[in-house]
Ligand SMILES: Nc1ncnc2c1ncn2[C@@H]1O[C@H](COP(=O)(O)OP(=O)(O)OP(=O)(O)O)[C@@H](O)[C@H]1O
């Protein structure tokens, strides 16, 4: 489980002070891919697995196109036979028209159902693989990106990719073939008129291509805007208490409104260039039809064409108008899909650097002693956090990390389960480099209890059993008893089946802590990583949490970040960290006697504690050390 503290780090949380736009790794990547690259990758990854459905849809499209292409010829015969008064032939032509439209309807149904089936598979596949990539990605990458942006990619970008793939098959396939069949019919009826009527098509193609480019740009900006919008909304909602406490509702509304307006602006631009496709196609087709009416009409008058030829020809042109318009829209829709895919691909391409090396063995936990050997570490942005750390936690011992805020304590803790890897130096457990064992066995060997434990929106039972899916009810209850949580859980209306609500909101801080301790109890790992709670629990609650922790520490190799020195007086060893270095180490008494940083911290806390009403917790250190 990622440390809450680390995740919460980006950005100060004082409202009104934040930049309007948080850097977004999803948009920072330059879109160096061409439309062709994107389309061929989309086809390879999403269409290929469903090629049978796609081929059936395409065959159905050929039938639709063929049946549509026959209609102008039937109209020609109908008109010629009206003039020639052949009622038998007329009936036959009418029957033919019914047959052609019926075939067209059935084939359209088949192609639509197939393509929509593919479309749903595509969305599900994209969302599934995106989520898997994000969950497996390095913590540094995930915590550097606002979750709202992932949500926007999940919800909007994935469906846009689906739409562009399904549309390109239906429209490019069916409409293109239909237009082709109708052009064929025109040439069959009269090639000179056909040449005249189709000269507008290349002009339409060029103009529509231009519009497609504009749509893609607007769509890309719109998607980035949607990402920013989901980010600000989810941030405002998750920090709603701070928003209210600082009376910043209006600021948040204004910030979100700016984002909404931005999205609206881009959506309108995309819509306008998309909407332009229809009038462009319509006007140019109209010019073509007008030319055919005039010159075709003249040919009928001079006897070069029959009335059927002209009627059939005009109906072919009219029938071509709708698919031509859709074909024009396809270009813009496809460009929206390309823009969405360009945002999705970087997520799908994430390869975690923190992973099990090939052929790695499982961690042997018979000896769970932890060692940090000359560990240096800096974060991705270059911030040096650790400068040559040497720490030893003998098996079964409790070692505490103490130091001013920002000195590097959490960073040290995060290196044990490999949330991050040292820049140089190494971390070992029982002599095994943590980078050389399987990640699964490493994470299974340790339990992490954070300052503000995260609870899922699920039952208390499921929260305790998180990470121990095979635990029986009796084991869950035993863990809760050891964590001093059973009593309050049993007092809840639905006991262990009570849902804790979004992020455990309905429970008190101390109760949440004890559920997290029960979770760690149940996991029963030999290493315990503890970021001690600083939140002001009331004295009774704090005593319960502390005694639960003391039981949890018993017999485990424990590395604890101590914010309150009274609780670690009896730790086996205390390391004082300052500016990413170990500046002092020893027992509480030794460190106090040294008169250094620890003694200073100790003095300041001694002065503050009675004020904070925490005198009672001084009774606890013996229990906390688990001795
Ligand atoms: N994700 C991060 N990206 C960049 N810098 C970070 C990140 N997390 C921590 N830092 C920086 O690394 C240094 C050490 O931070 P760390 O959280 O380890 O300190 P800490 O001793 O645990 O502080 P505190 O007691 O306030 O929790 C600080 O300068 C901090 O600003």
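The backbone N, Cα and C atoms fix where each Cβ goes, glycine too.
Curation plays no part in TrEMBL annotations; they are all automatic predictions.
Among the residue ranges 231-252, 253-274, 275-296, the one that TrEMBL annotates as transmembrane segment is 275-296. TrEMBL lists transmembrane segment at one of the ranges 169-188, 309-328, 329-348, namely 169-188.
Within the chain carrying the transmembrane segment (275-296), a Cβ under 8 angstroms from the stretch's Cβ atoms is held by residues 190, 193, 196-200, 203-204, 207-208, 211, 305, 309-310, 313-314, 317-318, 320-321, 324-325, 328-329, 331-332, all 6 or more beyond its ends. Tertiary proximity for the transmembrane segment (169-188) is limited to same-chain residues at least six positions away from its ends with a CB under 8 Å from its CB atoms, namely 47, 54, 57-58, 60-62, 64-66, 68-70, 72-73, 108, 111-112, 115, 118, 194, 197-198, 312-313, 316-317, 319-320, 323-324, 326-327, 329-330, 333. Long-range contacts of the transmembrane segment (87-110) within the same chain: residues 56-57, 60-61, 63-64, 67-68, 70-71, 74, 77-78, 81, 174, each at least 6 residues beyond the stretch ends and with a Cβ under 8 Å from a Cβ of the stretch.
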